[in-house]
Amino acid sequence: MSSNPESAMLPTYRRMPVAFERGEGMRLFDGDGKSYLDFYSGIGVMCLGHSHPTLVNALKNQAEKLWHVSNLYQIPEGERLAARLADVTFADYVFFTNSGAESIECAIKMVRKYHNDKGDKGKYRMVTMASAFHGRTLAGIAAAGQEKLTKGFEPLPDGFDVVPFGDLDAVKAAIGPNTGAIMVETVQGEGGIRPLPVETLRALRQICDDHGLLLVFDEIQCGMGRTGKLFAYEWADITPDIVTCAKGIGGGFPMGACLATKEAASGMTAGTHGTTYGGNPLAMAVGNAVLDEMLKPGFLDHVQEMSSLLLGRLGALQQRYPDMIAEVRGTGLMVGIRTPDIEPRLAVPDLVSRGLCAAPAGENVIRMLPPLILTETDIDDAMEILDKAFADWQSNGAPTG
Ligand SMILES: *Cc1c(COP(=O)(O)O)cnc(C)c1O
């Protein structure tokens, strides 16, 4: 019996007092029928918005045929999705998971197995960057190395050397005889919407080549069209060895993927890794439907167009409220408003009550990850709410806790 009168759910989240009942496109609706403009997509997941007909049909059709068989059998829709992803990326192989954290786990194991099978058993360490986020498994929090994630969960798995964000000299200095890979988010999400410059990405590729290391990009948040290319690394014109993916790849169905070159994946032979649910027919049907939409001509151009529009409008907002907005940053439809004197954890619930869903991120950033299907009208609507909020905060003070 629950001894907690409020909730029997483990209280690891400070939830906002809103429960949505349904969603349609860019809009969410609560039980009273109040409409909210979704500029957050459930943490960058609902890339095609809510109740997209292609996804709804794919899931419904598959639900009536077959849900789950395990990876002990052939899954034709999975074969098809893997081949399509390989076709449009650097990858030769795809491993399907249920979440981002599992994609990271697969990447870490793949790196270790690669060097192990090459006879370099000692090369198990990864250089990672501060304020990163790589999921909530023990390895994931160790890789991110942020105290707010790790505190109280020690001992952490060994094997991660965290260097300051974007610091190439520190990366080089951290490489030792036991280093096997560099793993970074191409664009940091939770850390506060911080893109690594393309020159830095290219330099990381070079460092990996010079030292025989594998280059792993965590694109769980910034991949799948979010930056206006299918994957953010494409902006740098380089080829990674491993890329982790999740969030947008399922458009709301829980799934993820670990993409790899044949070389990087060479240690992952039959029996070395697995998952019960990963890549099941329901997930694969939806994953293929997401890709159907995303690969349509013009889809990514639309993301780029909406991105410049949104960034431009946010820049204008900054000029109207220079005392409150220190910076507008981001790339594609992954944007942040940095408000040094406003606590995003308190400002965001206020925005939500005004009908605009956003979320806090590191470095005092109000983060927006709208569905990639948004239109200029949605941007107008969001700006109207933001402008009103900042005007109120300017005259009455920002929300305090
Ligand atoms: C969300 C996220 C993860 C973890 O994904 P889960 O599905 O929550 O396990 C890992 N890395 C990045 C960059 C993320 O944004």
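Cβ from N, Cα, C; glycine included.
What TrEMBL says about this one:
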- Gly100, Ala101, Phe133, Asp218, Glu219, Ile220, Gln221, Thr276: pyridoxal 5'-phosphate binding site (BINDING)
- Arg136, Thr275: N(2)-acetyl-L-ornithine binding site (BINDING)
- Lys247: N6-(pyridoxal phosphate)lysine (MOD_RES)
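Proximity note: of the listed recorded positions (Glu219, Ile220, Gln221, Lys247, Thr276), none has a CA within 10 Å of the CA of Arg136 (N(2)-acetyl-L-ornithine binding site).
For ligand 1, the neighbouring binding-site residues among Gly100, Glu219, Gln221, Thr275 are Gly100, Gln221, by Cβ distance under 6 Å. The distance from the Cα of Gly100 (pyridoxal 5'-phosphate binding site) to the Cα of Lys247 (N6-(pyridoxal phosphate)lysine) comes to 7 Å. For the binding-site residues Asp218, Glu219, Thr275, Thr276, a Cα to Cα distance of within 10 angstroms from Lys247 (N6-(pyridoxal phosphate)lysine) holds for Glu219. Secondary structure at Thr275 (N(2)-acetyl-L-ornithine binding site), as computed by DSSP, is coil. Proximity of Glu219 (pyridoxal 5'-phosphate binding site) to non-local residues of its own chain (separation of 6 or more, Cβ distance below 8 Å) is seen for Glu185, Thr186, Phe231, Ala232, Tyr233, Val243, Thr244, Cys245, given in sequence order. Candidate binding-site residues: Ala101, Phe133, Asp218, Ile220, Gln221. Nearest to Thr275 (N(2)-acetyl-L-ornithine binding site) by Cα distance: Ala101. Here the recorded positions are Arg136, Lys247, and the one with the most other Cβ atoms within 10 Å of its Cβ is Lys247.
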